[in-house]
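**Student:** As listed in Swiss-Prot for this protein:
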- 25-45: transmembrane segment (TRANSMEM)
- 56-76: transmembrane segment (TRANSMEM)
- 111-131: transmembrane segment (TRANSMEM)
- 133-153: transmembrane segment (TRANSMEM)
- 157-177: transmembrane segment (TRANSMEM)
- 189-209: transmembrane segment (TRANSMEM)
- 264-284: transmembrane segment (TRANSMEM)
- 298-318: transmembrane segment (TRANSMEM)
- 353-373: transmembrane segment (TRANSMEM)
- 397-417: transmembrane segment (TRANSMEM)
- 438-458: transmembrane segment (TRANSMEM)
- 485-505: transmembrane segment (TRANSMEM)
């Protein structure tokens, strides 16, 4: 029997909303199933061999999916409410605790919109694909439904299934349409991600069966089970590994440069724009929200790992002469700010982490699309073989410049706001000592300084370096076409809009973030040592890690 509601509400004692808003129309189920059903129709679309009809059909499905998610946001989602909305629940196998439960709150709704938006643009970016177009667009649409499901489902076993569903399309998109080392990159991707997913399954089963009785895997139930501290720490560690691979966290990152190095432009957009955000979202949803006591223990480790991401990846990006790998390491560096924000106990810092995921999704997709467009013309990714093409590709240079400025966090762009929020949120987070905050913000600032250096030097080498006469004289070296300008324009509109008026995005999730931070702060205050005895009790760790009792729970979101 279908009923638009979920099981027991969150316990108010944990500062989780005590009521859930049921859906009046199954928007989220439709947004998940529509692209998947569309994918299975793709093989039956009449085609003359060039893939034209298939491309238009796939674009129609992707755009309709985006309109469905937009309608869900506009008609059924209230940004001022912190709890679960658009909730649907279908009893599936009750004896096994399996339920089709979907819903959206401030953590998931912005990322659902981001997923459908970038997928629609990725389909448009895939217009030149003529090799096995039916299979290509089948995989893109199936991946769209799977990624939306990751953000929308409210059952941990369903989450695991959705997490696995998007792995196979990515593997095939890399293995069939990738570069010369595509088999290696695809195999490495599947080994890393599928192997780490085992930790999600084990944690889900352990948490669902905890306490005996009929198992239940719904997030609302798991959040109220009252796990023991040791159990939480064990589950948290396993989930951190699984989600750390996807984010990625150094040293679990090595699959990403290889995958980006061999992927095509539309696959780049999906990897950078959506796939990495799944890791950040899952850390917030499970590690921070459902396992708050363990999160209070692990939070300083997340902060340190975030700084390592920022500095290590930025320095590594300097050494890269391959354009795709350079941007890939830049992505890893920027995701370090997400870790710092999640590890903070302030609303401002955590809100900054959320905004950084959205911002990087847009900026990363734009940069990797431009990498693909440039490669289509130059047929090389080596910076040493480029140079002097700015005179023949002036519009392309302008697009590259604006997107690089967005990536280096130029004021007026979304990246500036998100990184500033993380910096300010952590600097005012009284859960940590002043000296620790100064050290972390100071080290993270190094990454902010390094980013414009390697990005602007990259621009110079591509467009104004030593001229490659053979490359410059090549007939393929033409300027950007209207389709490419349109795609970048669509990405720049929200990048600049959020940069000029952040409330366009922050208002959609600020109340959910407030509830999440209050829950984590409450957990911190209830354990013996306010923060992270797992890390801070050892004498081998400097006193900079010790923390006083929290006196101020949160900071306002700007």
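Positions of Cβ are set from backbone N, Cα and C atoms, glycine also.
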**Student:** Quick check: do the transmembrane segment (264-284) and the transmembrane segment (111-131) share at least 3 Cβ pairs under 8 Å, counting only pairs 6+ apart in sequence?
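**Tutor:** They are in contact.
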**Student:** If we skip the immediate neighbours and take only residues 6+ beyond the ends of the transmembrane segment (25-45), which ones have a Cβ under 8 Å from one of its Cβ atoms?
**Tutor:** 4, 53-54, 57-58, 61-62, 64-65, 68-69, 71-72, 75-76, 86, 88, 100, 102-104, 112, 116, 119, 134, 137-142, 144-146, 148-149, 152
**Student:** So what's near the transmembrane segment (438-458) in sequence-distant terms, Cβ-Cβ under 8 Å and 6+ beyond its ends?
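**Tutor:** For the transmembrane segment (438-458), the far contacts come to 303-304, 306-307, 310-311, 314-315, 317-318, 323, 326, 330, 333, 336-337, 340, 383, 404, 407-409, 419, 422-423, 426-427, 432, 544.
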**Student:** Would you kindly list the residues that approach the transmembrane segment (111-131) from elsewhere in its chain, counting only those six or more residues past its ends and only Cβ-Cβ distances under 8 Å?
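**Tutor:** Distant contacts of the transmembrane segment (111-131): 28, 31, 35, 50-51, 55, 58-59, 62-63, 65-66, 68-70, 72-73, 104, 137, 140, 143-144, 147-148, 151-152, 177, 264-267, 269-270, 273-274, 277, 281, 357-358, 361-362, 365, 369, 372, 376, 483, 486-487, 490-491.
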**Student:** Among 56-76, 189-209, 298-318, 397-417, point out the range having the most Cβ pairs under 8 angstroms from the transmembrane segment (133-153).
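**Tutor:** Looking only at 56-76, 189-209, 298-318, 397-417, the most contacts with the transmembrane segment (133-153) come from 56-76.
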**Student:** Counting Cβ pairs closer than 8 Å, which of 56-76, 157-177, 189-209, 353-373, 485-505 has the most of them with the transmembrane segment (397-417)?
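**Tutor:** The stretch with the most contacts is 485-505.
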**Student:** Among 157-177, 298-318, 353-373, 485-505, point out the range having the most Cβ pairs under 8 angstroms from the transmembrane segment (189-209).
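**Tutor:** Going through each listed stretch, the top one turns out to be 157-177.
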